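A.B. asks: Pasting the relevant annotations from Swiss-Prot:
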- Gly170, Asp171, Arg172, Gln173, Thr174, Gly175, Lys176, Thr177: ATP binding site (BINDING)
- Ser363: site 'Required for activity' (SITE)
Amino acid sequence: MVTIRADEISNIIRERIEQYNREVKIVNTGTVLQVGDGIARIHGLDEVMAGELVEFEEGTIGIALNLESNNVGVVLMGDGLLIQEGSSVKATGRIAQIPVSEAYLGRVVNALAKPIDGRGEISASEFRLIESAAPGIISRRSVYEPLQTGLIAIDSMIPIGRGQRELIIGDRQTGKTAVATDTILNQQGQNVICVYVAIGQKASSVAQVVTTLQERGAMEYTIVVAETADSPATLQYLAPYTGASLAEYFMYRERHTLIIYDDLSKQAQAYRQMSLLLRRPPGREAYPGDVFYLHSRLLERAAKLSSSLGEGSMTALPIVETQSGDVSAYIPTNVISITDGQIFLSADLFNSGIRPAINVGISVSRVGSAAQIKAMKQVAGKLKLELAQFAELEAFAQFASDLDKATQNQLARGQRLRELLKQSQSAPLTVEEQIMTIYTGTNGYLDSLEVGQVRKFLVELRTYLKTNKPQFQEIISSTKTFTEEAEALLKEAIQEQMKRFILQEQA
């Protein structure tokens, strides 16, 4: 018979008591009532915060958007096909955030900042909230440095400054993405970090943009955030905020950044889909009441920081697609009212061969000449005036049969000026080349040429000036002014090249 030793038992009990951990872990959980169409309704989760991440039993992550009296409306960041009614959900206690670091440069990521280019993981030790507050009034300073796009029509007449928000608006297939990608290409060597956010686009279109950037060496300073048309609405809605967080990381490190949202119409549609499925009351065009806030809180994050914060900047170029040129629709009017100006691309101009198809008459920059170097101001003023007069005369000339000589000359000059604004895609020009081009046109040097010869002459003149008069470029880049010396060099080059060009054409 085994004897029971009381002291042994008491020792074991004491040891167990000493090892007992009284830590109580409270987990905020709930149960799935209903799931479908990228939305789940959860019973429970009493302590959940608005915008908090929740985790489902099978691993899917969602965001709590609707906090109602008897249930929580959650949008899913995935297809949610494995989520079952009655399965458990737990709150994570975290708001959506992404890792950020220099290692993101040159990579293609999704809305959760996970790489999708097949080049392995991205190392990052820091995190930023996807939705962070925009800089306040004291944290900002007025925009004063130019951000060159490389497009004559924009840099001369609708200038963009670092820290500005300039809307690119137009119908489908009018070259909106081309304007944005040309701007990225033109930042080479300018120490500007670019972020391109593709929302709800075809995967082939995004691949084409990435290929263009890689071929031109622009991916070295660019991050692409892509959520294609087959992505869940939640991720299409989040993608612009992810892009903004990546750009902010560099902005607060005293760097200059450029972010392109292509396009915000698709983000608004994704948000409308989510809101209607969550049974939020629809407003104008079935968009929810807070669709203005959706875009304003995103675009207000673009800023030029004050001297005390290091003068970093984030320039935003949001793109909005119109239907049949209707800029008075809900989303276009909202974004126009938030931004500091808009570049309007016209389908009629595009189809008539004027590319980039910028309608200079109704495009505007509310920063204006503050975002131009002095040399550009000196030559650009005359260009805008002459083009405006030409547009007026051209409309009038359609009805008038006989025009006086002065009017005919002005129409001829206008046609040549319109010709010099045309540029091939992915061929941005330096400021010096733009100044030379505008000066040549506004001072009548192109009047003696046929309209069809203008572009050929200008291409040859740029090459001639670069090889034979390099001082011209040096003067403008060092002084930022169109000095008398620079003007004399340019006049000389134009006259010499004109003689050569006429001889070539006659031969």
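Keep in mind that glycine also has a Cβ here, set from the backbone N, Cα and C atoms.
On this model, are these features tucked inside or out on the surface, and what's nearby?
C.D. replies: Neighbours of Thr177 (ATP binding site), defined as other CB atoms within 10 A of its CB across all chains, total 23. DSSP assigns Thr177 (ATP binding site) to a helix in the three-state reduction.
In this view, Ser363 (site 'Required for activity') is surrounded by 21 other Cβ atoms within 10 Å of its Cβ, with every protein chain counted.
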A.B. asks: Pick the one among the binding-site residues Arg172, Lys176 whose Cβ has the fewest other Cβ atoms within 10 Å in this structure.
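C.D. replies: Comparing Cβ neighbours within 10 Å for the binding-site residues Arg172, Lys176, Arg172 has the fewest.
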A.B. asks: Report, as a single number, how many Cβ atoms besides its own are within 10 Å of the Cβ of Thr174 (ATP binding site).
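C.D. replies: Summing over all protein chains shown, Thr174 (ATP binding site) has 27 other Cβ atoms within 10 Å.
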A.B. asks: What is the interatomic distance between the Cα atoms of Gly170 (ATP binding site) and Ser363 (site 'Required for activity'), given in whole Å?
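C.D. replies: Counting only the Cα atoms, the answer is 11 Å.
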A.B. asks: In the same chain, outside Gly170, Asp171, Arg172, Gln173, Thr174, Gly175, Lys176, Thr177, whose C-beta lies within 8 angstroms of the Cβ mean position for the ATP site?
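C.D. replies: Neighbours found: Glu321, Leu345, Ala347, Phe350, Ala357.
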A.B. asks: State the Cα to Cα distance, in Å, between Asp171 (ATP binding site) and Ser363 (site 'Required for activity'), rounded to an integer.
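C.D. replies: It is 15 Å, counting Cα to Cα.
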